[in-house]
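Q: Before anything else, here's the structure in question.
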Protein chains: 2
Amino acid sequence: MYKSALFIFVAIIATSVVYSQEPVYIGPNIVPFPQVLNTGSSVLAVNPNTFSITTDSSSQILGINIKRYQKLFFPFGMVKSNAPALNLVVITKSDSEDLFLGIDESYSIVANNKQLTINANTVWGAVRALETFSQLIQWNPDQMSYTIPWVPMTISDFPRFPWRGFMIDTGRHFLPVQFILHIIDTIAYQKFNILHWHIVDAQSFPVVSSTYTNLTQGAFNPIAIYSHADIQEVIAYAKSYGIRVVPEFDIPGHSAAWGVGYPQLIASCPSYAYNINNMLLNIAQPYTYQFIGNLFAEMSSLFIDQYFHTGGDEVVLDCWGEDPTITAWMKKNNFNLVQAEEYFENQLTTILTNLNRTKMVWNDPYQNGVNMTKDTLVQVWDSASLTQEIVDAGYKAIVSFAYYLDKQVPNPEGKTHYEWQDTWQDFYGADPLDNITTSTANVLGGEACIWGEQVNQVSWDVRVYPRALAIGERLWSNEAVTDIQTALVRFTNNSCHIAQRGVNSGPLYPNYCYLPENIPSGQRPIMTLTPIEIASILKKK
Amino acid sequence: MYKSALFIFVAIIATSVVYSQEPVYIGPNIVPFPQVLNTGSSVLAVNPNTFSITTDSSSQILGINIKRYQKLFFPFGMVKSNAPALNLVVITKSDSEDLFLGIDESYSIVANNKQLTINANTVWGAVRALETFSQLIQWNPDQMSYTIPWVPMTISDFPRFPWRGFMIDTGRHFLPVQFILHIIDTIAYQKFNILHWHIVDAQSFPVVSSTYTNLTQGAFNPIAIYSHADIQEVIAYAKSYGIRVVPEFDIPGHSAAWGVGYPQLIASCPSYAYNINNMLLNIAQPYTYQFIGNLFAEMSSLFIDQYFHTGGDEVVLDCWGEDPTITAWMKKNNFNLVQAEEYFENQLTTILTNLNRTKMVWNDPYQNGVNMTKDTLVQVWDSASLTQEIVDAGYKAIVSFAYYLDKQVPNPEGKTHYEWQDTWQDFYGADPLDNITTSTANVLGGEACIWGEQVNQVSWDVRVYPRALAIGERLWSNEAVTDIQTALVRFTNNSCHIAQRGVNSGPLYPNYCYLPENIPSGQRPIMTLTPIEIASILKKK
């Protein structure tokens, strides 16, 4: 019944029949694959009861991660073992917990029967190393034991791109805070370093504002909202993994939900109201800019990252052309529709500059012909050719068009597979620099996007994983790491590994993944931060 | 960022802006939609603490379902309520628990403020009615209350097709027994009435045989196996819902795993071994038939249903042509390859006839030109035109080609959507009788299929749901019930309903589904059967 798919399987040796297809990858199932990996052929027995991680670093965040990974190293708990005690030493050159675009995330690992050592320049490099190290420890269900195979091993690793984002959309479906923390766990495993939080959209406004308290009238439900404390917990939890949180307040389009509590914010264009996504902010009144300025001031006190995304996508300009108060204003100012958009975008830029934030937008304003300041970061959801234009024009860009996890056919060329899960190969085959021939340094990286129309907390993991492994690796690993066959084996094994940690990530080919029924599937098994830890982490930008 | 998709949303009324798009379906979110539904506009308050279900029937299975649905009616438990006590009366004409193809599943429901009544000819009709009734009870998170809206209501319902199957594949990934019980819960909610258990395949043989104990050497793992007691639990649990279990032992192709413990069963064709699915049974030796005869005798003592599926798909006949012992046998008997296949299939028919079983096969033997006895039931995974041929030739058929839940593009014409989840529309739009113009009575129904190469227990629900709602409705409801807009609303609301019961089924458009974090997502919340109940249920075929 099943046609033309690729199957890898372990050799079955029988008396009269030999099925001789060998697995095509033998080695540690590290995802993303490190820049330099040297392996031996010995196996180190690991005793979870006596295993320790030590550091001289005074970093609180590194301390949190040592506690976290002490648990993550041993997902099946403290089984009996006669193996000798091992100590993993973590050395960092700096104890600084500053986190910003381009921070050094490099690290090295030495693992042999004499020493287990992580070396990094920063705390964040050490956190990346701990994740890699966790993937070296293998659970052997038949022996109920942990081992580190492939020793002696050395790893030297660093990311290819500084911007490795993951976009979630809580405007189309509310995701509970606890689930967002689970998402952060999950994307940290692939070394993503940005959570792009598309927090509101046309369908709902789930963010509590103390300045504009009616905004949450636009939430799906009075209990489906994010408090300031919720947002701070998300940011602190993300930062504990070295993940920056970039908020997106998508305007002037996709803003209908703002109008539930504050109707005067919304332009009047009844003939476009058949699609709620078409509704636009009324850009012809000072009230709107005052509102945005106050709201963004409040929000930037929570969202501590340098970057602040204001959307700008899919603005149905003709809606403005239908509102007589807006057309009157345009006429007075001698604006056409694009100039009206440009005026709005310039106001946003001023607001954000005054808040000491760098503006980020989708590619639409550029496409419309809006002049933007050169420090604007542009997220491209259109095409490689537009990316080329944008970086040639001197803007920094990140690419997303090939990384839409919700699409039936995510391949920009429309290529399809037999099984839907095999779309991981499309993500894997899409390099951010594909067809970019000049100004390549302006491409900062990329972002996986899971738009929220058809996904909530019960379906999120499976819609995203294991396919997102391919995007995580594409953004971190060397551009030469592209072989589908070896990736298939690593990804399926790594998918089992993260499933054992509570991510609902399934397989890519027939195999067996040890998943006792008492593992709380889909539950975040690890740890939360205490309120004191959250407050402390947030003190340090 | 999100283009061209369809959005339905509740009207948002604001002072200066009216977004006037109304939801396109107003009424109870019953899936599959009943044959006849009459609704009023009143709301009945339901007090879970005093609600009772009573019956005069002596059926043990009906008793189990009354206990089961007493819980399923109130997924959020015994909240406080001042509403008066209500009693649902269940009346069945017969207490028989016989279950077979074509059994009467019809029922009617009357619900008003004077009476709540279910009437059915059989126990199974009453079970279907209890599921429908459960979908009438609405949980209102804002009031923390249960109600039955749309009363006074009458429903008269019966299935369009007698064969409404769901195929699972435990050959490509082992699914734990507890998870198969969860699957049975899940498919019962859409009134599927057959679990087609594709239990072994080329990649693994997870079934314990007391006759041939080495067969489980072909399992993925020594603990990834089904004991006789496991199989009996699955069958009894399925029967408790009125679901028949049809086993598939797929031969002569897809049989490599048989050869791990019994290598002499497998034909020798090294040049085809690059794909494990190509390996075939050696059909030229009496040993093979003796083996199958003994094994099927053992298995038919467990699998009590009349139907027994022997696969027969994707037989790479040329493999036999490469084995000198088989070519010698063919020459002696003056067989070509198709005649060799026909000989094998005839032997299977004889074995099953002696075991009082009706044979079921995929369409491949027919396609190859094999003559089959006319009582063979043919499952079509090829096309409507082949279905037409098969039913015109006098065979009974069920269709599956348009119901492959694992495919990226399940639409036989290759039509695609923006989001993958929207493939539910392809399933919904595919009628088993599409392009069947003659011998339509020979089409018994259809089967949803989720092939197991890329799915295990952590990903199963989300790969299948909510899309399978569309197939369940297509096989049960009137052929005129095809409107995508109303189905979209019912399916998304019903998806939330089953998510509240523990099925990981996500949404199809932006909305809010009340899912407290303490609902054990993906866990089977309901009930198991006691060993005494299992034994008692299995006594009655």
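Numbers here mean position along the shown chain, with the first residue as 1.
The backbone N, Cα and C atoms fix where each Cβ goes, and this holds for glycine too.
What TrEMBL records for this protein is below:
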ACT_SITE  B:Glu314  active site, proton donor
DOMAIN    B:30-136  domain 'Beta-hexosaminidase eukaryotic type N-terminal'
DOMAIN    B:161-478  domain 'Glycoside hydrolase family 20 catalytic'
SIGNAL    B:1-20  signal peptide
Q: What does DSSP give as the helix, strand and coil breakdown of the domain 'Beta-hexosaminidase eukaryotic type N-terminal' (B:30-136)?
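A: Residue counts for the domain 'Beta-hexosaminidase eukaryotic type N-terminal' (B:30-136) by secondary structure: 27 helix, 28 strand, 52 coil.
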Q: What is the number of other Cβ atoms found within 10 Å of the Cβ of the residue listed as 'active site, proton donor'?
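A: The residue listed as 'active site, proton donor' is surrounded by 17 other Cβ atoms within 10 Å.
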Q: Which state, by DSSP, holds B:Glu314 (active site, proton donor): helix, strand or coil?
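A: The residue in question, B:Glu314 (active site, proton donor), is coil (DSSP, three-state).
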Q: In this predicted model, what is the average pLDDT of the domain 'Beta-hexosaminidase eukaryotic type N-terminal' (B:30-136)?
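A: Summing pLDDT over the domain 'Beta-hexosaminidase eukaryotic type N-terminal' (B:30-136) and dividing by its length gives 96.
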